[in-house]
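Q: Okay, here's the structure, questions in a sec.
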Amino acid sequence: MFITQKLAGQTVAHVLAGQNLTEALNAVWRSNPDLESGQRGAIQDICYGTLRQLGLIEGVLKQLLRSPLHEPELKALLLIAVYQLQFTRAASHTIVDHAVKVAAQTGSGFGKGLVNGVLRSFLRGKDELVRRAQANEVGLYSHPAWWIKTMKSAYPTEWEAILIANNQHPPMTLRVNPAHTSVNDYLALLSAANIEASALDELAIILKRPVSVDFLPHFFAGWVSVQDWGAQVAAKLLDLHDGQTVLDACAAPGGKTCHILEAAQVTLTALDNDASRLQRVKDNLKRVNKTATLLQGDASTPDTWYDGKQFDRILADVPCSATGVARRHPDIKWLRRNDDLAKFARQQAKILDALWPLVAPNGKLLYATCSVFPIENAASAEAFALRHPDAKRLELPASALPNGQSIDGQLLPTAEHDGFYYALFSKS
Ligand SMILES: C[S@@+](CC[C@H](N)C(=O)[O-])C[C@H]1O[C@@H](n2cnc3c(N)ncnc32)[C@H](O)[C@@H]1O
């Protein structure tokens, strides 16, 4: 446990200093190539869990420290150890002993006694410490105060369910490729492989427990893809037909690109401004045996990549706060700032305005985000419609939506899917 605590603590310290969790973990894997898969899994679990519960754990720690702790690695070590003591089944004496050993090797080593004292005090009074931390909403819901406040005003009835869903483990959902199999046939294959799962609709299967894709039958032959149920809505809303031309304007890593190509025989251009992420589109296309024209470019400046031929369909799955997928990336809760939202909204408006002239007459543009903040969603879509009188907002067919429901295009995170927003426009 010593090495997992040490590396998990360092990773959480990097995230609290502003680095995103995926990058911080990738750096750990690169500099520690000898870690066994069990150790990697443990580090990952501790980091994700700590960041999911950070509001509560910080609330507990504040009560145990006489003054703020200025050594980031020591603070992160205490955070992960309190997380382990409260939320995991590992033996408490091992957690404490190993954390003390890590502290002895951290910075000047002075924190050894402090870590020992704080963790033992936590064990002595944990029920009361947790109760007091939960008296505050940041501690109770483990989200920043500004986020809780915005959710309350945007969703007076649903806000609490959204915050609770954000702290759960995300579901693992598959999309079957109908060219290879059906939901029922694939469920039978999963059952034969001892993987418990059930159908969500005619394409989506939700697994009872996440598994490595290595265990999914025919995954590498493209029979299924991993894709959240809420993300599977995009290709359905696009109303795709054979022979159409489609621009997937923010395509990487290509989940929706592959779905579009599985849904109809279309000619697709996949654009993304990030070359390394475009490589992932290429890899995904190869796995599902589909082709597309890949372009690296900025969707908000088409003059640098556009050849002048309008598209029948455009998917604008724009960069956003990703607050609808916070349970998959719990670092988002602590890295986002309230004023990031207006910046995203400006960037989204720029992309939409630049793409609209590229839609052919009678063509459609689908605006999509994985955000739950109205400023990036309903407000963005309404402002776009006002700026473009030839853009007609279309109603979303219930048949395309999870359980037939959305709040004007907004999907809120539930046990079955993440948070997404969709607005569909046709050009008159
Ligand atoms: C939400 S992700 C897209 C997810 C993707 N559609 C899928 O289903 O797999 C947004 C993508 O937009 C890309 N992006 C950000 N700004 C962009 C821009 N100005 N032009 C084009 N792509 C951009 C990012 O690199 C990122 O890959």
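Cβ atoms here come from the backbone N, Cα and C positions, even for glycine.
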Q: With Cys250, Ala251, Ala252, Pro253, Gly254, Gly255, Lys256, Asp298, Asp317 listed by TrEMBL as binding S-adenosyl-L-methionine, identify the candidate in Asp272, Asp283, Asp331, Asp339 belonging to that site.
A: Asp272
Q: Which stretch, out of 106-136, 261-291, is listed as coiled coil by TrEMBL?
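A: It is 261-291 that TrEMBL describes as coiled coil.
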Q: Note the mean pLDDT of the coiled coil (261-291), expressed as a whole number.
A: 97
Q: Validating a neighbour-count step here. Other CB atoms within 10 A of the CB of Lys256 (S-adenosyl-L-methionine binding site): how many?
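A: Lys256 (S-adenosyl-L-methionine binding site): 23 neighbouring Cβ atoms within 10 Å.
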Q: When DSSP states are folded down to helix, strand and coil, where does Lys256 (S-adenosyl-L-methionine binding site) land?
A: helix
Q: For Cys370 (active site, nucleophile) and Lys256 (S-adenosyl-L-methionine binding site), determine the Cα separation and express it in whole Å.
A: 13
